[in-house]
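According to TrEMBL, the feature compositional bias 'Basic and acidic residues' maps to 1-12. Summarising the annotation, TrEMBL assigns domain 'STAS' to 618-802. Positions annotated as region 'Disordered' by TrEMBL: 1-20. What TrEMBL records for 267-289, 349-369, 381-398, 432-455, 467-491, 503-524, 531-549, 569-594 is transmembrane segment.
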Amino acid sequence: MCDASSADKDPAEEFCSAETERAPRTAYKSGRGQPPCMKNVHSLESFVHRIGLVDLASVVDVDVIPSTLKGPTTRQVQPNKIQRNERCTANSTPAQEFLERDGMAAEKYQPLAPWTQLHRSLRTRIVGWIRRFRCSAGCMKNQIVSAFPILDWLLNYKIRSCLMGDVISGCTVGILNIPQGMAYGVLSGVEPINGLYASFFPVLIYSCLCTSQHASVGTFAVTSLMTGGIVHTVGAEMIAHRNHTETPVDNGTATFDKMPLDIRLQVTIAVTLAVGLWQVLMGVFRLGYLAVFLSDHLVKGFTCAAAFHVFTSQVKLVFGIQGLEERYGPLKLVYFYIDFFSKISQTHVPTLIVSLICITILYLTRVLVNQNPRVMKIIRVPFPIELLVIIFGTLASYELDLESEWGVKTVQNVPTGLPAPVLPHYSIIPEILGRTFSLAIVASAVLISLAKIFATKHNYKIDANQELIAIGASNIFGSFFLCIPATGALARSAVQESVGGSTQMVSLVSAVIVLIVLVALGRFLQPLPKACLGAIIMVALINMLKGALEVRNLWKVSLIDASIFMVTLLATLLLDVDYGLAIGVLYSLLVFAFRMQYGRVAVLGRVRGTLDEIKPLEDPMVDEVSGIKIFRLHGPLYSGNAESFVAKIRKAMISNVRVVSSYLSPVPELEATEMDETMTSGQQPSSGNNQTEITVVTRRQDQATDAVINIVQNNSLLTKAGPRQAKPLRAIIIDCSAINFIDVVGTEKLLRLVNECNKKGIRVVFAACSDSVRDILYLSGVAAALPEENFMSSVSDAIDEL
């Protein structure tokens, strides 16, 4: 037996003992009364039973008793929780020991069946849902505010502390929206004005429905690139169908210039509508949690690779090469740069000069001013160099007549005023519904990740499902006004927060700035060279392109996370945006499955000089408990790793050697007959007839050390022992504290292990089981093969008991 010091008495037990000493014991012993400290619990049980909820006999939690039902005594202590369905365990709580000591024997532990648990859970959810929607003025007000969060923050808006910062931030974001909206409109395959529309109409709806206070919604490079790919593919199919041909024009290499504008607009607004429908459906069905499957390193790898695609799409505008075709599909970057370098001699020099001037000005201002902490402390607001490039580029183009004299392509078509509502062509939606799903996922993941970043930074909560509904409704509304799909943008959101914006009033102010441009200044932007827009996009992508260096930090922390980043990055670069995202998600799920299968098994021992501190044996201060093996599985016990876990325990049973912590691997399971033969013969297998294996096992027993040397040669066993022989294995403790669930296969493996150990006289103890794990062990029959005292509350208690 292992020596153990007497544990301190639990506060609940002391409290119950004190109460029973002050009260007549004969009353409740004879059945005419009950312990004073249990009266309130029994009254709560009858109350819960009357209202039709769960039986308190199976759910007893002192901490959740309503204050109206608590007596003066129950408020004075903080007793340990009497865990659900643990009233009759051998290692019971102090309250149960009190009952048993006073003659009130506990009933046998009976876990709830899965269907009973499901029934009670559904009933509780339905009751809660009915109470939420009951007819009352307060409930109706809460529902309206929940659906339209603008009513909450607008009515509680602090004018003195927030208005000035929101106005300055809104003007800054609005100025940034003008050049980026025009540039990303061209990237989407339509006109620059469509990008400006997306910076106005969706912003109005999102600011009314969102829960984020700092997310800036509008155009985004990655979503614009994905939209342009869908517009090109579907538009080519529509042209082929119109011309009564079977294949799209130019085999997927046609440019947007060869595609009629009306077809591009039809497809674009249909894409925007489909994306909005997907997002609203995900929000209504509470699927906001799906964004967690797109991990940060996966999103970084995807956005970095997508930035290369966006950068490549602007090369044609910057160099002004006329015969350079746009490609789509796998290996499109490879084919594009092969064509580019073969036709680089056709570069339009005036266009390249305009581009280089714009890129130089934008980059130097970005590095020396906007990213210089010393300068930013003085000016506080980012210098709007993009807007100045557009203004002076337009003036220079108008004065020098760059289009007619030098052949530099300009924007030309920038209508003034707001567009009339247009109904999307619903016949296109079935064709693009599947293609827009990945676009909706990317747009949603970017927005939710962005909102969570700023919510965590400023200590407020967001509702991911409400965010999906908000951005989905924004895109649906924007589809009727010729908008491209909108989502959150990290650069503009960062500027909004750094300048001093604290509410969505910033979005309303920025929408006013864009409205002024649409109504009064749009016609003045017609001479603007398209090369200026391409230069703005290229410089804006620099930070995203630098994301490729993130692999160095990931490599230092986790090779697996670094592999997810690299696989997503390379798949998106070599194939296409849609294929890269799908491969990245699949690889991430595969890695998750392998992580579960190859869970780490820690072999535990007791820290030298202590009685209740348990740690892995890798620590030199940890001693293996003589005659006891302690295993802890980090992760679930399911069909993927149950065989390996049980095989590791069987290996310890056969050899009784010092087993170290390791990761599971899909090794063949050692059958019971093979184990019996090995234990009976006392021989260990050898890998060859002439191979000699020397195993040195150092087994520390408290302060004494025994050395055992096993020499295996030609299948014969020789043993040289130290001063004392090690005790035979008498017990195996399975620490279940890190196991969150066990499936049917896992319970079958455990049941076979328990039966085999019972035959060999080895005691199997389960320690620190959670409620769900304990229920599974009882429902599967594993607990039936063990006595009640083989379930312990902790590993240290199990060691003391053994």
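Heads up, the Cβ atoms here are built off N, Cα and C, so glycines get one too.
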Sequence-remote partners of the transmembrane segment (569-594) [C-beta within less than 8 Å, at least six residues beyond its ends]: 222, 225-226, 229, 293-295, 298, 301-302, 304-306, 308-309, 328-334, 435, 438, 441-442, 548, 551, 560, 563, 640
Averaged pLDDT score, the domain 'STAS' (618-802): 71
Chain residues in Cβ proximity to the transmembrane segment (467-491) (below 8 Å; excluding those fewer than six residues from its ends, i.e. six or more beyond): 176, 180, 184-185, 188, 190, 194-195, 197-199, 201-206, 208-212, 215-220, 223-224, 227, 265, 268-273, 275-284, 287-288, 418-419, 421-424, 439, 442-444, 446-448, 450-451, 540, 543
Contact between the transmembrane segment (432-455) and the transmembrane segment (267-289) (at least 3 Cβ pairs under 8 Å, separation 6+): yes
Ranked first among 267-289, 381-398, 531-549 for CB pairs under 8 angstroms with the transmembrane segment (349-369): 531-549
The transmembrane segment (531-549) touching the transmembrane segment (381-398) per 3+ Cβ pairs under 8 Å rule: yes
